[in-house]
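Per Swiss-Prot, these features apply:
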DOMAIN    1-141  domain 'Globin'
MOD_RES   THR8  phosphothreonine
MOD_RES   LYS11  N6-succinyllysine
MOD_RES   LYS16  N6-acetyllysine
MOD_RES   LYS16  N6-succinyllysine
MOD_RES   TYR24  phosphotyrosine
MOD_RES   SER35  phosphoserine
MOD_RES   LYS40  N6-succinyllysine
MOD_RES   SER49  phosphoserine
BINDING   HIS58  O2 binding site
BINDING   HIS87  heme b binding site
MOD_RES   THR108  phosphothreonine
MOD_RES   SER131  phosphoserine
MOD_RES   THR134  phosphothreonine
MOD_RES   SER138  phosphoserine
Amino acid sequence: VLSPADKTNVKDAWGKVGGHAGEYGAEALERMFLSFPTTKTYFPHFDLSHGSAQVKGHGKKVADALTLAVGHVDDMPQALSALSDLHAHKLRVDPVNFKLLSHCLLVTLAAHLPAEFTPAVHASLDKFLASVSTVLTSKYR
């Protein structure tokens, strides 16, 4: 459960991401594909090379979903319901992959926002991404 301090930390940190959200989303995906090659199996139709338009496009989708979650932090299940349905029923993404992407997002944010990435912000973002992952996997059951 996100505390009021966690929610503030997440909103402040995501606000600093600003116009780079899509770029950071794509970078996190690239990190995931390189670090966890089995995740590539969900994207057989993508050009997964560095800087590809498809990875950038999906990175923007990831970032947009996170922006939506930040904006609806008190009602993520409702806000992310369609995305949860998509990943559970159509795409059938293994839930462990959300944890892998979350880790890569944290690494990416730490690399780009070192001054802002304090231990408290790190913990809050980790809890937030775990909450997003829980919502996205809630319809698997």
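Glycine residues also receive a Cβ, built from the backbone N, Cα and C atoms like all the rest.
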Would you kindly give the Cα-Cα distance separating SER138 (phosphoserine) and HIS58 (O2 binding site), rounded to the nearest Å? 22
Greatest C-beta neighbour count within 10 angstroms, which of the modified residues SER35, THR108: THR108
Taking the Cα atoms as reference points, how far is THR108 (phosphothreonine) from THR8 (phosphothreonine) in Å? 20
For LYS40 (N6-succinyllysine), the number of other Cβ atoms found within 10 Å of its own Cβ: 13
Please name the residue among the modified residues THR8, SER49, SER131, THR134, SER138 whose C-beta has the most neighbouring C-beta atoms within 10 angstroms. SER131
According to DSSP, which of helix, strand or coil covers SER49 (phosphoserine)? coil
Sequence-ordered list of residues in the chain of HIS87 (heme b binding site) that lie 6 or more positions away and have a Cβ within less than 8 Å of its Cβ, or none, is VAL93, LEU136, THR137
